[in-house]
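Visitor: Take a look at what TrEMBL says about it:
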ACT_SITE  Glu98  active site, proton acceptor
DOMAIN    104-332  domain 'Radical SAM core'
BINDING   Cys118, Cys122, Cys125  [4Fe-4S] cluster binding site
BINDING   Gly165, Glu166, Ser195, Ser218, Leu219, His220, Asn294  S-adenosyl-L-methionine binding site
ACT_SITE  Cys337  active site, S-methylcysteine intermediate
Amino acid sequence: MSVQSSEIVSLPLLGRSKTELTEWVQQQGQPAYRGKQLHEWIYDKGVRSLAEISVFPKQWRAALETIDLGRSQLHYRSVSRDGTVKYLLRLSDGQIIETVGIPTEKRLTVCVSSQVGCPMACNFCATGKGGLLRNLHTHEIVDQVLTVQSDFGQRVSNIVFMGMGEPLLNDENVLKAVRSLNQDVGIGQRSITISTVGIPGRIRRWADHHLQATLAVSLHASNQEVREKLIPSAKQYPLKALLEECQEYVEITGRRVTFEYILLSELNDLPQHAIELANHVRGFQSHVNLIPYNPIKEVDYKRPSPKRVQDFVTVLKQEGVAVSVRQTRGLEADAACGQLRASTLR
Ligand code: SAH
């Protein structure tokens, strides 16, 4: 996880640890304790510019004004009736990404993007329609959380990597961001979830980091045939191989995997699908999270009725599977799962 020192010079300050910030202030000819102050003002107070750090000497502050902290610009903000807030953030190169803040009684969850766009092209997902533009840098991921935290004026409690992008295709930066969100922003690793559609070999590689964070795998189908219809990359990564890699993950980390399963009416929500799914995950330290499909305009899949969802849950429970249903949030702001796209309002 260490960054080469030549690389540090060109990277913004956001995303750096207290030790790295301390080294940086010392390079600027300042005493080491200014590193701790810098850390506090960046991560706890959430300053957007170094010139705002009033505990720093005036002269130095003036010099710091030109240093890039790495915060993005708020481009657009919309609030859903349920209080979910969608943000479009403009990055330093003009690219736009989406972030969602999801408040509940006790929590504030941030749904973060890991890439600008996504190359996976899952046919039920709006993000995939535009392809991949680029990976996000570590500071661009951390910035999303600080933006939501300061907008809500409340500490973020949970993070889900379920915004735009496929996190395991940008695993190095996602890993550094998880470190920073945990150690710098102060969010417990167990309150962080990384969601992946599955990239051959990457779940295994992720396991080797032994994180306490949760791994969620987007399964969405109970057999290879249906999965291939929904997820083009499934052709190169058979369900059997994906499940084997998940099993390895459980063995290496000792942590259970969450399987995400979008329910699409008639397509994958029949009792036989629930039984097929149960047969895959039985005896697996896992948990199934059902996601009733959120409509996007490009495809005409249907969200199942609440009764069909409940019937699916009942069969899974009868089959001994731990299951929950994800509550839909942010639907009117087009901020729900799978509805994020950068093309709107650019
Ligand atoms: N690329 C990662 C993370 C981004 S998507 C992944 O595939 O897991 C986060 C979750 O939202 C995934 O489970 C994804 O399949 C789901 N999702 C995508 N489009 C959706 C839609 N239209 N309705 C409901 N969930 C959707």
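In case you wondered, yes, glycine gets a Cβ from its N, Cα and C as well.
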Visitor: Are there recorded positions among Glu98, Cys118, Cys122, Cys337 that sit within 10 Å of Glu166 (S-adenosyl-L-methionine binding site), Cα to Cα? If so, list them; otherwise say none.
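Guide: Those near Glu166 (S-adenosyl-L-methionine binding site) - Cα within 10 Å - are Cys118, in sequence order.
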Visitor: Tell me, how many other CB atoms lie within 10 A of the CB of Glu166 (S-adenosyl-L-methionine binding site), whichever protein chain they belong to?
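Guide: I get 27 for this one.
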Visitor: Of all the recorded positions given, namely Glu98, Cys118, Cys122, Cys125, Cys337, which is spatially nearest to Leu219 (S-adenosyl-L-methionine binding site) at the Cα level?
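Guide: Closest candidate to Leu219 (S-adenosyl-L-methionine binding site), judged by Cα separation, is Cys122.
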Visitor: For Glu98 (active site, proton acceptor) and His220 (S-adenosyl-L-methionine binding site), determine the Cα separation and express it in whole Å.
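Guide: On Cα coordinates alone, these residues lie 23 Å apart.
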Visitor: Using DSSP reduced to three states, classify Ser218 (S-adenosyl-L-methionine binding site) as helix, strand or coil.
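Guide: Its secondary structure by DSSP: strand.
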Visitor: Determine, to the nearest whole angstrom, how far the Cα atom of Cys125 ([4Fe-4S] cluster binding site) is from the Cα atom of the residue listed as 'active site, S-methylcysteine intermediate'.
Guide: 8
Visitor: Can you list which of the recorded positions Glu98, Ser218, Asn294, Cys337 have their Cβ under 6 Å from some atom of ligand 1?
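Guide: Passing the 6 Å Cβ check against ligand 1: Ser218, Asn294, Cys337.
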Visitor: Reduced to three states, what secondary structure does DSSP give Cys118 ([4Fe-4S] cluster binding site)?
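Guide: The three-state answer is coil.
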Visitor: Which ones are near Asn294 (S-adenosyl-L-methionine binding site): of the recorded positions Cys118, Cys122, Cys337, which have a Cα within 10 Å?
Guide: Cys337
Visitor: Rounding to the nearest whole angstrom, report the longest C-alpha distance spanning Gly165, Glu166, Ser195, Ser218, Leu219, His220, Asn294, listed for S-adenosyl-L-methionine.
Guide: 19
Visitor: If you count other Cβ atoms within 10 Å of each one's Cβ, which of the binding-site residues Cys122, Cys125 has the most?
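Guide: It comes out as Cys125.
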Visitor: Calculate the distance in Å between the alpha carbons (Cα) of Ser195 (S-adenosyl-L-methionine binding site) and Cys337 (active site, S-methylcysteine intermediate), and round it to a whole number.
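Guide: Given the Cα positions, Ser195 (S-adenosyl-L-methionine binding site) is 12 Å from Cys337 (active site, S-methylcysteine intermediate).
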Visitor: Looking only at the domain 'Radical SAM core' (104-332), what is the model's average confidence as pLDDT?
Guide: 96
Visitor: With every protein chain in view, what's the tally of Cβ atoms within 10 Å of the Cβ of Ser218 (S-adenosyl-L-methionine binding site), excluding that atom itself?
Guide: 26
